[in-house]
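Everything below concerns the one structure shown next.
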Amino acid sequence: MNGKFHRYNLFLWFLCAFFYFYQFIGRISPIGMAKQFSEELHLKASEFGLVTSTWYWAYSIMQIPMGIMLDRIKAHYLFFFAAVLAGTSSLLFSLSHTLFLACIARFMLGIAASTGFIGAMKVASSLFPKEKLPIFSGITSAIGTFTPVFGSKLIADAVLYYGWRDFCLFLFYVGIAISMAFPLFFWKQKLKQDRDGTIDHNLPLLTQMRNVISERNVIVLGVLGLILYTPLTALADLWGPLIISSLYEVDQIKAISISRLIYAGFGIGALGVGFIRKLVNNVYYAFSSVCALAFCIIFAVTVLHQFISLTILGILLFLLGFFCSLECVVFSEAIICVQKKRIGLTLGFINTMTMLGGAILQPVIGLVLDLLWRGKMEHGIREYGAYEYGGAIVIIEMIMIAGLCIGLYWQKSFSRSAQ
């Protein structure tokens with residue numbers, strides 16, 4: 001591969017990775033506009049949680065269909081339509097005056113976002129040798145992980161100065177510009193369309209799904225992936241800044257910056273988790289240990305907040321993300337459990353289960369907040385304090401305990417099968 005051709009391929013992959021970055025900005029944007037958006041639409045916590053969770057529902061539902069489409073349709077066609085849909089969703093969100101319209105816009109963005117990561121990896125596999133794919137996988141994952149770390153404060157500042165509607169309108173223009181770039185730069189590049197792929201095209205989809213879920217290890221790994229990703233979807237993506245702002249009495253922008261340390265820890269941990277896996281013989285022991293550590297950190301951050309400084313809080317949240325980065329291992333472990341022709345569908349299934357945690361948990365936490373609400377109001381919207389947030393966080397702590405129990409039980413099964 002000559003240098004000019006190699007650089008052009010790098011640019012094409014970067015274009016796909018940039019769309020992944022763009023959709024991630026749209027995914028986390030409600031964090032920076034939570035207060036203004038809720039005040040303008042007069043939303044309760046459960047309703048705001050519903051708006052954000054629609055992204056997760058759409059993303060989760062589309063993971064398996066998108067994986068199948070990427071095996072049959074050229075990736076840059078799908079990226080073009082995904083960018084148009086993402087931009088349109090931002091426009092629709094900027095025009096929202098009702099809960100229903102806001103949910104529709106977020107659902108559209110979730111559908112568009114489902115192309116991001118797996119689409120970028122599909123393009124990389126068509127443009128570069130197999131031995132280089134782990135490099136592109138790591139870089140793409142890092143883009144998604146570190147976007148909230150550096151982007152959340154910028155979003156909050158932009159919303160503060162320009163308003164959430166103008167910010168969403170800006171995202172619309174960016175999405176349309178990205179969509180135009182795909183036919184412009186991909187038209188002369190023939191990507192390899194792997195018809196053999198990793199999916200058995202001769203079997204009906206339901207039969208393929210039945211073959212995947214018949215593997216008990218795949219189900220367990222999916223559940224553990226969901227559990228370990230819970231701190232990100234619940235604390236880093238949405239409720240974390242609000243909880244930190246209330247419990248530690250800091251402004252919203254500072255609370256967002258502190259909560260981003262979960263992503264920083266996750267990103268750094270993800271870069272080294274592959275090496276750590278080689279040192280651990282029984283991965284389920286590692287899962288149970290991480291769930292126990294996560295429970296202790298979440299308990300300390302919420303229940304013992306009066307004794308914790310902001311510096312210690314930042315360290316604990318960084319460690320929480322670092323430990324939960326073990327979630328990345330579930331995908332490689334799942335590959336070992338299934339036949340090669342089912343790998344793509346299996347990864348889509350695992351990712352669906354992982355992201356469903358956010359779709360279910362975010363509105364549930366909002367519902368618990370509303371149930372525990374003591375009647376305090378400010379500017380016409382409900383205000384929640386330590387009592388309400390402490391009660392809602394119990395849900396996450398229970399999930400961590402469930403992960404500990406599952407890991408311990410499966411650890412024994414793993415040990416017996418090894419013997």
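Each residue, glycine too, has its Cβ placed from N, Cα and C.
Across the domain 'Major facilitator superfamily (MFS) profile' (10-415), the prediction's mean pLDDT works out to 83. Summarising the annotation, TrEMBL assigns domain 'Major facilitator superfamily (MFS) profile' to 10-415.
Residues or ranges marked as transmembrane segment in TrEMBL: 12-34 (among others).
Per TrEMBL, the feature transmembrane segment maps to 54-70 (among others).
Below 8 angstroms of C-beta separation, residues 15-16, 19, 22-23, 26, 66, 69-70, 101-102, 104-106, 108-109, 111-116, 119, 168-169, 171-176, 178-179, 182-183 of the same chain, each at least six residues beyond the ends of the transmembrane segment (77-93), sit close to that stretch. The transmembrane segment feature in TrEMBL is assigned to 77-93 (among others).
The transmembrane segment feature in TrEMBL is assigned to 99-121 (among others).
Among the features that TrEMBL reports, transmembrane segment is placed at 133-150 (among others).
According to TrEMBL, the feature transmembrane segment maps to 170-187 (among others). Residues 11-12, 15, 18-19, 22, 25-26, 29, 76-77, 79-81, 83-84, 86-88, 90-91, 94, 158, 162 of the same chain lie 6 or more positions beyond the ends of the transmembrane segment (170-187) yet place their CB under 8 Å from a CB of it.
Per TrEMBL, the feature transmembrane segment maps to 218-236 (among others). Counting residues 6+ beyond its ends, the transmembrane segment (218-236) has Cβ neighbours under 8 Å at 56, 148, 212, 243, 259-260, 262-263, 266, 287, 290-291, 294, 298, 317, 320-321, 324, 326-327, 330-331, 333-334, 337-338, 346, 349-350, 352-358, 361-362, 365, 396, 399-400, 402-403, 406-407, 410 in the same chain.
What TrEMBL lists as transmembrane segment is 256-276 (among others).
Residues annotated as transmembrane segment in TrEMBL: 283-301 (among others). Among residues of the same chain six or more beyond the transmembrane segment (283-301), those with a C-beta under 8 A of the stretch's C-beta atoms are 224, 227-228, 231, 235, 276-277, 308, 313, 316-317, 319-320, 323-324, 326, 329, 333, 393, 396-397, 400-401, 403-408, 410-411, 414.
Residues or ranges marked as transmembrane segment in TrEMBL: 307-331 (among others). Among residues of the same chain six or more beyond the transmembrane segment (307-331), those with a C-beta under 8 A of the stretch's C-beta atoms are 141, 221-222, 224-225, 228-229, 231-232, 235-236, 240, 244, 248, 250, 258-259, 261-270, 273-274, 276-277, 283, 286-287, 290, 293-294, 297-298, 300-301, 347, 350-351, 354.
Sequence annotations record features per position, and here TrEMBL assigns transmembrane segment to 343-369 (among others). Note on the transmembrane segment (343-369): residues 44-50, 52-54, 56-57, 59-61, 63-64, 66-68, 71, 118, 197-199, 208-209, 212-213, 218, 221-223, 225-227, 229-230, 233-234, 237-239, 327, 330-331, 334-335, 337, 384, 388-389, 391-392, 395-396, 399 of its chain, located 6 or more positions outside it, place their CB under 8 angstroms from a CB of the stretch.
Among the features that TrEMBL reports, transmembrane segment is placed at 389-410 (among others). Within its own chain, the transmembrane segment (389-410) is flanked in space by residues 220, 223-224, 227-228, 230-231, 234-235, 239, 242-243, 246-247, 284-292, 294-295, 298-299, 302-303, 361, 364-365, 368-369, 372, which lie at least six positions past its ends and keep a Cβ under 8 Å from the stretch.
If you look at the transmembrane segment (12-34), the same-chain residues 6 or more away from its ends with a CB under 8 A from one of its CBs are 48, 51-52, 55, 75, 79, 82-83, 86, 89-90, 106, 109, 112-113, 115-117, 119-120, 123-124, 127-128, 136, 139-140, 143-144, 147-148, 151-152, 155-156, 158-159, 164, 167-168, 171, 174-175, 178, 181-182, 185-186, 189, 237-238, 241-242, 252, 256. Sequence-distant neighbours of the transmembrane segment (256-276) (same chain, 6+ residues past either end, Cβ-Cβ under 8 Å): 31-32, 138, 141-142, 145-146, 148-150, 152-153, 156, 231-232, 235-236, 240-241, 244, 250, 286, 310, 313-314, 317-326, 328-329, 332.
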